[in-house]
Amino acid sequence: MLPGAWLLWTSLLLLARPAQPCPMGCDCFVQEVFCSDEELATVPLDIPPYTKNIIFVETSFTTLETRAFGSNPNLTKVVFLNTQLCQFRPDAFGGLPRLEDLEVTGSSFLNLSTNIFSNLTSLGKLTLNFNMLEALPEGLFQHLAALESLHLQGNQLQALPRRLFQPLTHLKTLNLAQNLLAQLPEELFHPLTSLQTLKLSNNALSGLPQGVFGKLGSLQELFLDSNNISELPPQVFSQLFCLERLWLQRNAITHLPLSIFASLGNLTFLSLQWNMLRVLPAGLFAHTPCLVGLSLTHNQLETVAEGTFAHLSNLRSLMLSYNAITHLPAGIFRDLEELVKLYLGSNNLTALHPALFQNLSKLELLSLSKNQLTTLPEGIFDTNYNLFNLALHGNPWQCDCHLAYLFNWLQQYTDRLLNIQTYCAGPAYLKGQVVPALNEKQLVCPVTRDHLGFQVTWPDESKAGGSWDLAVQERAARSQCTYSNPEGTVVLACDQAQCRWLNVQLSPQQGSLGLQYNASQEWDLRSSCGSLRLTVSIEARAAGP
């Protein structure tokens, strides 16, 4: 912060302080009191009468006495953060008719009396996070008809009374995450007809009653992640017509009923990662056309059927990493014209169809890392005009002529540093080389007899000065044995019938500008098939008239 701005802020803060005394251990501002003295043992009696918000942080008092704030009826917000509160006297919050926001977080109380909040008829937000609550009485919220936000995260709740939320017809947010809930009464949430966000993450739920969400027609967000759910009733989401975001990750779901998402026409985000899914039923996403983000990572999918994503024309992010996918149909992504990010890493893909990404003109990021790909078909990225982030590492790339298309594409459209850990697995003389750092001339293949433009003579059958034509007209299939010298500058590819391809990289000899006319040179070449001696002779002759 600039010195002048700091001085201005400090001056305004000092002006905000009241003229009259502030309670010991507290700081007072215009309408707010902040108390953080560890020696503060009780709620101060001399809180300024104009105070609307009071916040206690890491104070030492353990008991909140009866009508502790009785002298401050204008309070609208009371907060206790990481205090040692463990007991509330009867009517502890009495005399606060205007209180709208009450928070007690990080304390150690185990239970609450039924009438503890009975006078807080204006309360709109109640936060009781990360305490030691083990149970809640059924009538705890009976006087809180105005409540819109209720947070009970991080307690020790194992069960909830079925009529606990009966009076909360205006509640919009309910957070029950990080408790020990193992089951839910089917009618527990039925009174919450205005609820928009429900968080049940990190509990011990193993299943859900069929109608548990049956009355939540206004729900927009549902968090069910990090439980032990293994199976979902087919109609469990059937009344959630307004649902936009659904978290189901980190459960034990093994299969999904075909109709499970049939009513979720407004769903924009769905997370199914870290489950045990092996198959996705055809038509599973037929009724979720608004999906923008879909995550299926860390499952056990071996294939994805054609048409699985046929109706997801608005999808922008699709995550299929960390599965066991071995094959993808050519048209699996055909309808995903809005797709921007596609994650296919950490699968068992060995080959990709040339048209696999054909309609993905808006694709910007594609991960193919950690598969079993050896090459990519020519033209596979020709219609991906916005693709500049391509992850390829962790594949056994064969750096021959079949990789030339990918190599040239990388040189033209991506930063070489993005794939600096993408290595050649073969041929032997290029093993371990960084793919983007290669020279295109190194990406060569042996040619067939019909397209060979030179003859090979073995050392014992040739004479020095034999003629060679190094013009190779076309690259073709691999041979069975590839011989090379230790430096990798001379490579000879042979099959059982004959040697079909030769690549020689000549370096000038000391004191010479290069291999001279009418000269020859020998190399000892080795491979897993054996060894041989190669002689190359060059004889220059005058051209005819």
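Each position is counted from 1, following the chain as shown.
A Cβ is built for glycine as well, from the same backbone N, Cα and C atoms used for every other residue.
Features reported for this protein in Swiss-Prot:
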type     : residues : note
DOMAIN   : 22-49    : domain 'LRRNT'
DOMAIN   : 395-447  : domain 'LRRCT'
CARBOHYD : ASN74    : N-linked glycosylation site
CARBOHYD : ASN111   : N-linked glycosylation site
CARBOHYD : ASN119   : N-linked glycosylation site
CARBOHYD : ASN228   : N-linked glycosylation site
CARBOHYD : ASN266   : N-linked glycosylation site
CARBOHYD : ASN348   : N-linked glycosylation site
CARBOHYD : ASN359   : N-linked glycosylation site
CARBOHYD : ASN518   : N-linked glycosylation site
REPEAT   : 98-119   : repeat 'LRR 1'
REPEAT   : 122-143  : repeat 'LRR 2'
REPEAT   : 146-167  : repeat 'LRR 3'
REPEAT   : 170-191  : repeat 'LRR 4'
REPEAT   : 194-215  : repeat 'LRR 5'
REPEAT   : 218-239  : repeat 'LRR 6'
REPEAT   : 242-263  : repeat 'LRR 7'
REPEAT   : 266-287  : repeat 'LRR 8'
REPEAT   : 290-311  : repeat 'LRR 9'
REPEAT   : 314-335  : repeat 'LRR 10'
REPEAT   : 338-359  : repeat 'LRR 11'
REPEAT   : 362-383  : repeat 'LRR 12'
SIGNAL   : 1-21     : signal peptide
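Sequence features annotated in Swiss-Prot and their locations in the structure.
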residue : record                      : CB count, 10 Å
ASN74   : N-linked glycosylation site : 14
ASN111  : N-linked glycosylation site : 14
ASN119  : N-linked glycosylation site : 18
ASN228  : N-linked glycosylation site : 13
ASN266  : N-linked glycosylation site : 16
ASN348  : N-linked glycosylation site : 13
ASN359  : N-linked glycosylation site : 17
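The CA atom of ASN74 (N-linked glycosylation site) is located 14 Å away from the CA atom of ASN119 (N-linked glycosylation site). Checked against ASN266 (N-linked glycosylation site), the glycosylation sites ASN111, ASN119, ASN359 differ in C-alpha distance, with ASN359 being the nearest. Here the repeat 'LRR 3' (146-167) has long-range neighbours at 121-138, 140, 173-185, 187-189, 191-192, 199, meaning same-chain residues at least 6 beyond its ends whose C-beta is under 8 angstroms from one of its own. Rounded to the nearest whole angstrom, the C-alpha distance between ASN348 (N-linked glycosylation site) and ASN359 (N-linked glycosylation site) is 23.
Within its own chain, the repeat 'LRR 12' (362-383) is flanked in space by residues 321, 337-354, 356, 389-398, 400, 402-403, 405-406, 409, 413, 425-426, which lie at least six positions past its ends and keep a Cβ under 8 Å from the stretch. Long-range contacts of the repeat 'LRR 11' (338-359) within its own chain (CB-CB distance under 8 A, at least 6 residues past either end) are made by residues 297, 313-332, 365-374, 376-381, 383-384, 391, 394. Under 8 Å from some Cβ of the repeat 'LRR 4' (170-191) lie the Cβ atoms of residues 129, 145-164, 197-216, 223, all in the same chain and six or more residues away from its ends. When the glycosylation sites ASN119, ASN228, ASN359 are screened for a Cα within 10 A of the Cα of ASN111 (N-linked glycosylation site), none qualifies.
Across the fold, the C-alpha of ASN359 (N-linked glycosylation site) and the C-alpha of ASN228 (N-linked glycosylation site) stand 38 Å from each other. Across the range of the repeat 'LRR 7' (242-263), the DSSP-based residue counts are 0 helix, 3 strand, 19 coil.
In terms of DSSP secondary structure, the repeat 'LRR 6' (218-239) contains 0 helix, 3 strand, 19 coil.
The DSSP breakdown of the repeat 'LRR 11' (338-359), given as helix, strand and coil counts, is 0 helix, 3 strand, 19 coil.
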